[in-house]
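Taking it in order: structure first as structure tokens, then the write-up.
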Amino acid sequence: MSPTRADFDQYMVPNYAPAAFVPVRGQGSRVWDQAGREYVDFAGGIAVNSLGHCHPAAVAALTEQANKLWHVSNVFTNEPALALAEKIVAATFAERVFFCNSGAEANEAALKLARRVGIDRFGPQKHKVLSAVNSFHGRTFFTVSVGGQPKYSDGFGPRPEGIAHFDYNDLASVEALIDDDTACVIVEPILGESGVLPATREFLQGLRALCDRHNALLIFDEVQTGMGRTGHLFAYEHFGVVPDILSSAKSLGGGFPIGAMLTTDVLARHLSAGTHGTTYGGNPLACAVAGAVFDVINDPATLAGIADKRARIVAGLEAINAELGVFDQIRGLGLLIGAALKPAYEGRAKDVLNAATAEGLMVLMAGPNVIRLAPSLVIADADIDEGLARFARALKAFKG
Ligand SMILES: *Cc1c(COP(=O)(O)O)cnc(C)c1O
């Protein structure tokens, strides 16, 4: 007997509330469930399936590596990890890379590095971490405490100390908190989970200047915005602000779990042998897949295509909205798109998502008032058009 959705409620820890159907197969931007029903995928596994499902380059890299070498631990290094690190260094501000398995782990490494640098250079008092209210940096206890959402960090006992929260896009609120004991400021270039809200250029440039003034490190959490999502390899390029440390995950592996922390040579030296680690980090399978994904994304044709696909989706959403009037604003960058509901539909993003599912379309939420789209970066125009047609039907049904 095949497993069913009911098995989730019987066997799994109930920390998720998955959809009523169980996907079993994907190809490009289409997914099929156990009943053979087909969905257009505008969700992309939450900004993860950057090349859609079963992209031939990723499948080939995984298959080849699967027949070669799976795991050696960090007692040894390995060719796929070295090759991927070299590619990342060649294409970004970074001179050094640390591999791990998720966004939370990449941020955990970034925050530990920043505190270590501060303490090494200036003494134990320099450990303060500043982050934005409503930001999201992962679910380890340090990263969830840094993320400014008490609903995720409350109820687990005492939190790590030395963390304070500023208001996103409000430089004055950062100025009120930052001082010479601040080790780092961590920020998402676009608030992803909390509404697909882009930072202003002035805000990120202002953060850079404030960090420099107080010898604090600037960390960009690009777990969601990185690896082509905004039409640039990383969003820092769009804003013209270079961070000291950058975290990546999600799209980096295209669906194979991997995370990375990028930084400079002088900072990396503070994590000397034995100071940090993870068993699977830099795993050959993950790095082989990520290497293949990297080559496809970091291609001028792919990156240019993202702007075209965004334009096609946004034009479609605007046409739907001209008729139905559900959205206040279509925002975001590249293929991270937020559609904010009008006040009349406040709190009803989940109902829109359910209506989309009923029409055979996977979308995401970013809080209770915003529908979020994070499709494959190489989604075919035909899939965009079909997805938009289904979304139009879904919104009609939603309005009743
Ligand atoms: C998803 C996300 C994370 C956490 O990544 P995981 O792989 O779930 O640990 C961290 N930061 C941002 C901005 C994210 O979108």
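Each residue, glycine too, has its Cβ placed from N, Cα and C.
According to TrEMBL, the features are:
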- G103, A104, F136, D221, E222, V223, Q224, T279: pyridoxal 5'-phosphate binding site (BINDING)
- R139, T278: N(2)-acetyl-L-ornithine binding site (BINDING)
- K250: N6-(pyridoxal phosphate)lysine (MOD_RES)
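Annotated features, which come from TrEMBL, shown on the structure.
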| residue | record | Cβ neighbours (10 Å) |
| --- | --- | --- |
| G103 | pyridoxal 5'-phosphate binding site | 26 |
| A104 | pyridoxal 5'-phosphate binding site | 23 |
| F136 | pyridoxal 5'-phosphate binding site | 26 |
| D221 | pyridoxal 5'-phosphate binding site | 31 |
| E222 | pyridoxal 5'-phosphate binding site | 31 |
| V223 | pyridoxal 5'-phosphate binding site | 29 |
| Q224 | pyridoxal 5'-phosphate binding site | 29 |
| K250 | N6-(pyridoxal phosphate)lysine | 29 |
| T278 | N(2)-acetyl-L-ornithine binding site | 17 |
| T279 | pyridoxal 5'-phosphate binding site | 9 |
Exercise. When you put Q224 (pyridoxal 5'-phosphate binding site) at the centre and draw a 10 Å sphere around its Cα, which of the recorded positions R139, K250, T278 have their Cα inside it?
Worked result: K250
Exercise. Including all protein chains displayed, how many Cβ atoms other than that of R139 (N(2)-acetyl-L-ornithine binding site) lie within 10 Å of its Cβ?
Worked result: 14
For this session: Of F136, E222, T278, T279, the binding-site residues listed, which put a C-beta under 6 Å from ligand 1? Please answer none if none do.
Result: F136
Exercise. Under DSSP, is G103 (pyridoxal 5'-phosphate binding site) helix, strand or coil?
Worked result: helix
Exercise. What does DSSP call Q224 (pyridoxal 5'-phosphate binding site) in the simple three-state scheme?
Worked result: coil
For this session: Report, in whole Å, the straight Cα-to-Cα distance of the residue listed as 'N6-(pyridoxal phosphate)lysine' from G103 (pyridoxal 5'-phosphate binding site).
Result: 7
For this session: Compute the C-alpha separation of E222 (pyridoxal 5'-phosphate binding site) from the residue listed as 'N6-(pyridoxal phosphate)lysine', stating it in Å without decimals.
Result: 9
For this session: Looking at pyridoxal 5'-phosphate and its recorded binding residues G103, A104, F136, D221, E222, V223, Q224, T279, figure out the farthest C-alpha pair and report it in angstrom, whole number.
Result: 25
Problem set entry | Distance from K250 (N6-(pyridoxal phosphate)lysine) back to D221 (pyridoxal 5'-phosphate binding site), taken between C-alpha atoms, in Å | 11
Exercise. Between F136 (pyridoxal 5'-phosphate binding site) and the residue listed as 'N6-(pyridoxal phosphate)lysine', what is the CA-CA distance rounded to a whole number of Å?
Worked result: 14
